[in-house]
């Protein structure tokens, strides 16, 4: 029979793997359901009581204070809570005590100034946070990837109801608001949005806001929203410990001082952050630094009831919420160096019902937030019982809105929101209703609400019961949040299982592809197997839609699979079965290493790495595990070299030991740098690029030596390229990389200013590197077609190392410039050690990923790379650059595979070493889908594995054509 080429087989395997991942992710990464329903205004005792309890009296309504006539919302992106505190003996002079005005007002005007730790719900990306701040809804894991493609909110939100009451609304700053709420900000004369993705620009957006803000404040307005970005961009560019951060925080402090002159008794000022900032200045993950933001509310009129009794009650409610939501207050205090117990923690979704109360507009239909108790303030605050009843009314209306939302959700997801499943939640609600029924049926309570004065005993009893009712309503609200967090992602386990089956079939075909000993298969057996697989697949589809449709629907299986998906599954399974029996064309010269027992070492190492992906501890410490694997394999390489010697001389023994030893030194030294995961603290200490600076003599000398060493690396490698033209291109590109490194080190202790020189360094010089790399790659490939000289591959690797280095920070840039040295070491050796060297090459990709400052977390995503060579956001270019930065280590290794061996048969090994962990990781995700750490640890690692898996298959296809 006619045999397909290896390239065609690799393409088929890639299609099988990609389609399997597509089906699996369809069942795993699901968004929550939204409803096209609007929230409504509830009366205080609407449907009282909610359950079947006879009631005689309806409690009287206690009205709130009049709503504010004007509201100004200042959102300072990435305003971490410790940025606004006044701390004695600050440990960091750059971001502590640089924004003191809010804390000063909180201490001097406690009734009219409220300050909270504003806890964000991960993922801590701006689009998701703004969406949550206005809808009161919880995000899902898949939402994190939508930050660069903001689309209009398709559910009820607070701005819709605000605009129904306040028509004179202005927007300034981040254009994310315009993308999310285009129907709200549809008046160009009142919308002054700015591009939010010019990350290297610290001042343009903020200055544009200030050019309009004071004019708006002096005119006729009702609602003004200003979203400042300078602090966030400073964090991404320089990190929080930088003079530029002090400058931006001082600027925000000055803005607040001036803005306070426009705040009167009818105006509400809300200052908040959408998320915090990691130690490196980034966000997107779940570390304490990223989650803890700031909420500050201020007005000239009091915002909270005066009295120790109410302070204690509010504190009691906040404590109950923190306990129920599992806030680790001691850890917050430890990580951010302030006493977190002194300031209430408020979830960001609580802002929605709070502002709805202060502005007296309906709460959005899909809100899950609970009103902040401190701001509940009746018209007449002289009667304690009436004040508590007013508080009960607000909590009850909030609970009624959430209850209606759960009821609506149960209509489409009966299995998770059925009466049995939500009984534990509604029990709190019914208890609160029972308490109020019991109180309203007492005449003394009615008198205590009116002009009559209740006895002290009655007053204490009624107050205690009303407090219990408030806490029960609140328990219902907070328990609902916890419940929805636990079951929000409705997994389609049927899709996940089908995806796993496809991944297993693809992995088996990769494994069999490595065997050179399979017997030829005739056309008939291939046809029979293929038709059998197709018939079985079609039969299952028939059973799914015709026989077991109701059963699968009730279980939620295959809910997300369309007819075309089933057609694709049938075809892919058929193709996979055929590929298991079909041989591809073998090279004329058989491989020399297939019989070696190093296969056991290779597969054992790959399987060991794959099985660690099912343990959260091993995933957390994967960087150290990778170094251990590299050290072990280097010793095995050393042993294999010694065994291969036919004559033991001093020179041959030193050479056999020297190359593995040099690799060990590289692994050890580069292992000193990297990025710590949140879970690794305090047992993780890495050197960061921020430690390089010219600020003092010691670090200045070290930084200078570091840059000189980088220049030497470029000079040395440029002399190893045979083509003078390509060598010159590499030298120029490498020199530009070193210049960029020097610029970043210099700016560590300098105030950033926009100039023509800065634009050349940030935009034009990186473009020169990109262009030279493209030209050199095309030229080298053309040369390879005619000469088949291995030095051509070496030139391509060196040139690409400059592109991969320029999108990194200084330490990572040097490591990537030096990575060809390791690949050259691995390309030298006997055929008997080839499998060991390929194993080392495989793990070297993982090692380079970690030591270049990456982790399998959203926090470590290098968003700054999207602007290397661009002065504004380019979605496709930015996506490519972020991918290059993240995958730099793997890309270097894939190019290096071309240099270590020219045997095309090993390309199947490259794909197999990624297919096995991907397949097992998918199985672990399916098993652990309800695990506490699924979304924080396992899911990000799985998404990284998908990138590496697809990348390895594409690299194998390209290399097969080249080899």
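Glycine is treated like the rest: Cβ placed from N, Cα and C.
Under the heading transmembrane segment, TrEMBL lists 496-514 (among others). A Cβ distance under 8 Å defines the sequence-distant neighbours of the transmembrane segment (496-514), meaning residues of its chain 6+ beyond its ends; these are 9, 13, 16-17, 19-28, 558, 561, 569, 572-573, 576-577, 579-580, 584, 594, 905, 908-909, 911-912, 915-916, 918-919, 922-923, 925-926, 929.
What TrEMBL records for 526-543 (among others) is transmembrane segment.
The feature transmembrane segment is assigned by TrEMBL to 563-581 (among others).
Beyond the ends of the transmembrane segment (601-621), by six or more residues, the same chain brings 629, 633, 636, 677, 679-680, 835-836, 838-839, 842-843, 846, 856, 909, 912-913, 916-917, 919-921, 924, 927-928, 931, 933, 937-938, 941-942, 945 to within a C-beta distance below 8 angstroms of the stretch. Look at TrEMBL and you will find 601-621 (among others) tagged as transmembrane segment.
The feature transmembrane segment is assigned by TrEMBL to 694-717 (among others).
Among the features that TrEMBL reports, transmembrane segment is placed at 724-743 (among others). Sequence-distant contacts of the transmembrane segment (724-743) (same chain, at least 6 residues past either end, Cβ-Cβ under 8 Å): 707, 710-711, 713-715, 717-718, 761, 765-766, 768-769, 772-773, 775-776, 779-780, 795, 798-799, 802-803, 805-806, 810, 813-814, 817.
Tertiary neighbourhood of the transmembrane segment (763-786): same-chain residues 723, 725-726, 729-730, 732-733, 736-737, 739-740, 792-793, 795-796, 799-800, 802-803, 806, 868-871, 962, selected by CB-CB distance under 8 Å and a gap of 6+ residues from either end. The transmembrane segment feature in TrEMBL is assigned to 763-786 (among others).
Taken from TrEMBL, the feature transmembrane segment applies to 793-818 (among others).
Feature annotation from TrEMBL assigns transmembrane segment to 838-863 (among others).
Under the heading transmembrane segment, TrEMBL lists 875-900 (among others).
Remote same-chain partners of the transmembrane segment (906-928), defined as residues 6 or more beyond its termini with a Cβ less than 8 Å from a stretch Cβ, comprise 6, 10, 13-14, 17, 21, 24, 28, 493, 496-497, 499-500, 503-504, 506-507, 510-511, 513-514, 591, 602, 606-607, 609-611, 613-614, 834, 838, 842, 894, 897, 934, 938-939, 941-942, 945-946, 948-949, 952-953, 955-956, 959-960, 963. The transmembrane segment annotation in TrEMBL covers 906-928 (among others).
What TrEMBL records for 940-959 (among others) is transmembrane segment.
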Q) In the same chain, which residue numbers or ranges, 6 or more beyond the ends of the transmembrane segment (875-900), come under 8 angstroms Cβ to Cβ? A) 148-149, 197, 790, 793-794, 796-797, 800-801, 803-805, 807-808, 812, 816, 819-820, 823-824, 826-827, 834, 837-838, 841-842, 844-849, 851-852, 854, 861-863, 865-869, 906-907, 910, 947-948, 951-952, 955, 959, 962-963
**Q.** Same-chain residues at least 6 beyond the ends of the transmembrane segment (838-863) whose Cβ lies under 8 Å from its Cβ atoms
**A.** 122-125, 144, 199, 236, 278, 280, 282-287, 290, 601-602, 605-606, 609, 619, 622-623, 626-627, 629-630, 633-634, 637, 663, 667, 670-671, 673-675, 677-678, 688-689, 807-809, 811-812, 815-816, 819, 822-823, 826, 882, 885-890, 892-894, 896-897, 900-901, 906, 909-910, 913, 940-941, 943-944, 948
